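Novice: Here it is: the structure, laid out below.
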Amino acid sequence: MGIEVHRPPMEAWYMDDSADDQRKPHHRSPPEYVSLEKLAELGVLHWVLDADSFETDPELQRIRKERGYNYEDFIEVSPERLANYETKIKNFYEEHMHTDEEIRYCLDGSGYFDIRDPEDRWIRIWVKKGDMIVLPAGSYHRFTLDENNYLKAMRLFVGEPVWTPYNRPQDEHPVRKDYINNFLKTHLDKIDVSLSTQHAATA
């Protein structure tokens with residue numbers, strides 16, 4: 001058993017459309033929070049682990065074994081610690097997808113992962129020390145630091161790492177199509193049925 005971590009749950013919310021600094025929270029007014037269950041429907045996985053004992057944590061070892069995460073490295077994202085910071089943080093914030101999962105375990109600091117919902121709205125996920133998050137292959141997402149300007153993360157991968165981002169649009173990409181079919185299609189079908197019903201009622 002790993003060490004039980006006591007801390008507030010990970011927060012996520014719908015973003016406003018402001019062009020203000022990307023590192024700000026960008027809450028709507030009033031704020032519209034998103035549950036962990038809603039994130040799970042989008043394929044987002046999340047664990048809260050003991051970041052101070054990541055080298056020996058049996059819970060992390062269990063997750064890695066079960067999901068086949070055999071590769072690891074570490075990244076520090078800050079103006080002082082990341083070479084070519086301005087270029088890289090701009091690239092991280094470009095809306096993109098990957099052909100594999102994006103797995104990040106926050107060991108220190110904090111930052112935001114944004115992911116699109118089925119109606120193409122941005123959901124902002126606030127990742128802090130101890131959060132391990134998995135964004136599914138084919139999901140449109142992006143990353144930025146928050147106003148603390150620092151995040152240290154373990155990057156995990158199955159096999160040899162492939163960090164290639166595919167900037168949107170990629171709707172004809174097989175991995176994107178798989179993601180839509182696996183996580184978005186049921187919701188989109190419900191929207192279509194609802195719209196058709198509303199149209200019939202007003203016709």
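Quick reminder: no glycine exception, Cβ is built from N, Cα and C everywhere.
Any TrEMBL annotation is an automated prediction that lacks curation.
If you look up TrEMBL, you'll see HIS96, HIS98, GLU102, HIS141 marked as Ni(2+) binding site. Marked as Fe(2+) binding site by TrEMBL: HIS96, HIS98, GLU102, HIS141.
Could you tell me the structural context for the features on the list?
Specialist: Within 10 Å of the C-beta atom of GLU102 (Ni(2+) binding site) sit 21 other C-beta atoms, taking all shown protein chains into account.
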Novice: Enumerate the residues of the same chain, HIS96, HIS98, GLU102, HIS141 excluded, that satisfy the criterion Cβ within 8 A of the mean position of the Cβ atoms of the recorded Fe(2+) site; list them in sequence order.
Specialist: MET97, LEU135, SER139, TYR140, ARG142, PRO165
